[in-house]
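Peer 1: After the structure tokens below, expect a handful of questions from me.
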Amino acid sequence: MSLLHWAILAPFILAAFVPFVRKKAPSIHTGWFVFVLPVVLFVSFLQYLPVTMNNDSVSKTVSWIPSLGIDFTAYVDGLSLLFVLLITGIGALVVLYSTYYLSKTKESLQHFYVYLLMFMGAMLGVVLSDNVITLYMFWELTSISSFLLIAYWFDRDRSRYGAMKSMLITVFGGLMMLGGFAVLSIMGGTFSIRELAAQAPELNNHPLFLLAMILILLGAFTKSAQFPFYIWLPDAMEAPTPVSAYLHSATMVKAGIYLVARFSPIFAFSSYWFWIVGAVGLFTMVWASFNAVKQTDLKGILAFSTVSQLGLIMCLLGVSSAALYFDSLDDNLYTAAVIAAVFHLINHATFKGSLFMVVGIIDHETGTRDIRRLGGLMSLMPVTFTLSVIGAFSMAGLPPFNGFLSKEMFFLSMVQLTELNLFQLETWGMLLPVLAWIGSVFTFIYSIILVFNVFGGKFQPEKLEKKPHEAPAGMLISPIVLAALVILFGLFPNLLSYSLIQPAAASIVPSIIPAGDQLYVNIYFWHGITVELLMTIGVVAVGIVLYKFLPKWIGLYDYFPGKVTLNQFYNSSLYVAERGSNSLTKAYMTGFIRSYLVYIFAFFIAILGFTMWAKNAFRFDASNTAPIGFYEAGLLVVLCISIVTILMAKSRLTSIIALGAVGYSVSLFFVIFRAPDLALTQLVIETVSTALFLLCFYHLPKLYRHEEKIGFQIGNAIIAAGVGIIVTLIGISAHSTKLFSSINEYYIENTYSKAGGENMVNVILVDFRGFDTLFEISVLSVAALGIYGLIKLRMEKGGEQHENK
Amino acid sequence: MKTNDVIFQTVAKVVFFMIIFFAVRIFFAGHYYPGGGFVGGLLTSGAIVLLLLAFDMKTVKKGLPIDFKCLIGLGLLFGAGTAAGSLLFNVPFFTHAYDYFQLPLFGKTSLHTAMLFDLGVYFVVIGVTMTIIQTIGESE
């Protein structure tokens, strides 16, 4: 176990101690104890920066299940390090924020921090694992801890609904992803991602390639809330705001992004990858930004905006595969997409985290998140207002914030794609920048709504539950840090270029970088009148106009039928699945033994009949049969008459007597066929069982004692006839195809010489095959004790034991 | 209604011993002629049932103070014990041994451990049938 492994496991270990800390030191907010860990992890992971900046990597392996090739391999490269720093950095800020956000006395903090630490450890495991099985394990742990965190206030209906929805969708995706991993490791013969990436060209030609890709992408799309799986994210907003800030904006939803980026070296050579990832991402971006505008809940807006921004990053990752088709770095314009994706990933984590915290503050200080009840808070909460302006303007893509730079790069790469002649882009290429532009317009509108509908306009104190005032300083620290980063990265983007962006981009598209060379990150090329700048100006102009006339066209949303939304589809498909399986089970589990016997016998006939037919197994061979004597024929007639009497008898007594007749005729058969032991036993047993039948008959309840014939049912008759015919046919075939001679010669020879007896039946029973007899007498004993128990131990209605009288 | 079935009772007393002797005969002859523990046990319990029919349950219990459930256990012990006994002589489970002996009254006789096993079967069968019949007879 190296330090790297301990770093991944540290949050889990600390989580085990949190309840004790909470109990022993209830006067100190538990968050402070937790706060130390992400800070320490953040600082210690900073030490890997020099390593990754040289495009080197660190890999440490601990054997987990070596016989299956499953190891716990921790692997740090540019991409992992970027995510680790996001997770630990924003994790520290979120823990700090939560110590002020969650009440020390009212909330069950031990649960909150245990879940949060579990999540943090799982997330570190996801981004640092090189083994797909380990990755999957941590992946599901993030789903589980996210489920627990969403349902933190479990006494609320909406929380439980949101938690279950996110669980169902993300676990569905996780299982698909596991399938994809399995397919991929079968193709490549290894579980290690690096080894798989090394054989990417062979994998590309494998017939299972597309299957593996789609399954893994399903996992990524469900986790990262891409269309049509984004529906869980708005409902996950029922979680406490620190959770929304951490999980549902900065880290967990980026696990899908990480997965796509991590598997780019394997899949990105395929045009399917380009189109699926690119198109889904772009469509998600436009669709979610369009839907964000109509939300009235602040966290609802932020949820849709997260979906939209994730779509943007996903789209950039998809189109970055274009870069792989140009060998030389010098004239390769398409690396811009990769750089834009990584850059926007960082930017989004900073501004969205701060926005969520700001919304949490507004909720905390006014008691509502509904924008229809908020307004005019600018002068009351100046710091919060400043922070939300920074975050929202960065999200809208306005200078001088970092969102502006990444949005410019997004436009740039979209525009550049139209000049590409790959992937049939000449027909559909023009759509890409147009859609991107439309999405950005809507992004601009909802960002403006976020600021001006809350802080601008008229103050409406009568609609608020509390008297609003500025948040305590401690609560503001985290969003201030994040907002400061927004400005810092906006003004000095090259702080990141070679420390984080370049190594991460190099891990996503490693094959374009020749050995010893470096990817050239040209973020500071943002000034100058270019197409993308004109597009941004267009976004602002159109966005302002649309925002001004928002009340005029907001009614447009009402034209979208509420019946055909994805949420409606999700709810009704759950309902249909539950109802459908319920009624299906009810339809065949009737509760009548009669129906179950029908199924059993029908299946019996079908499977045996089919086998006989399919294997052409029917044989008839009369050469080996004995002649039929007079006694046999006579007894057979008696037997048949008795059996028919049982079926036709009106009274049960007649049936019992006829059954006795059947038994005695069988014992006569034994006499004829020279089996004296069997005849003796059969005679006595038949007598006993007839007596028991008579006993049962005597005790029948008077109420139901109808003397009537068995009703005739054609279905039963067919099944009975079928069983009879099948068994007869099998008997005849079996008799006609005897392959070996019997082993009875051995018994005949050795009964006296080896076992010292002359009654061969008895010698077989007690000597040659005595084992069977031993357990047959055990069966008899169990039956007798069972009868004794059934009769003697009668429970009374109240459940009290009825003792022996 | 109390009936006077003196003939039945007297006959039963005589026939009981005839059946018992027949059962014992069948049990011991099992290795050479039709019969054995199973039929012997059934016939023995048939004889006891005859007593149950002729007299009432209390009388029979007084005459035969046996707990038939214990007889089941005893029978199983005999069966499993005979089978396991062979392990003591370092031969596989369930290996029987037999030999011929010159006994005083019987002359040359074969003694066979299979007989002990059969005795187990015999006890179990008596125990099982009598437990069932007694239990059902006693219940209301």
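Note: Cβ is positioned from N, Cα and C throughout, glycine not excepted.
Copying in the features that TrEMBL gives for the protein in this structure:
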- B:7-131: domain 'Na+/H+ antiporter MnhB subunit-related protein' (DOMAIN)
- B:12-32: transmembrane segment (TRANSMEM)
- B:38-56: transmembrane segment (TRANSMEM)
- B:68-91: transmembrane segment (TRANSMEM)
- B:111-133: transmembrane segment (TRANSMEM)
Peer 1: Considering only the recorded stretches B:12-32, B:68-91, B:111-133, state which has the highest number of Cβ pairs under 8 Å to the transmembrane segment (B:38-56).
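Peer 2: By the under-8 Å Cβ criterion, the transmembrane segment (B:38-56) pairs most with B:12-32.
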Peer 1: Would you kindly list the residues that approach the transmembrane segment (B:12-32) from elsewhere in its chain, counting only those six or more residues past its ends and only Cβ-Cβ distances under 8 Å?
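Peer 2: Contacts with the transmembrane segment (B:12-32): 39-41, 43-44, 46-47, 50-51, 53-55, 112, 114-115, 118, 122.
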Peer 1: What is the three-state DSSP composition of the domain 'Na+/H+ antiporter MnhB subunit-related protein' (B:7-131), stated as helix, strand and coil residue counts?
Peer 2: 88 helix, 12 strand, 25 coil
Peer 1: What average pLDDT does the predicted model assign to the domain 'Na+/H+ antiporter MnhB subunit-related protein' (B:7-131)?
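Peer 2: A mean pLDDT of 87 is what the predicted model shows over the domain 'Na+/H+ antiporter MnhB subunit-related protein' (B:7-131).
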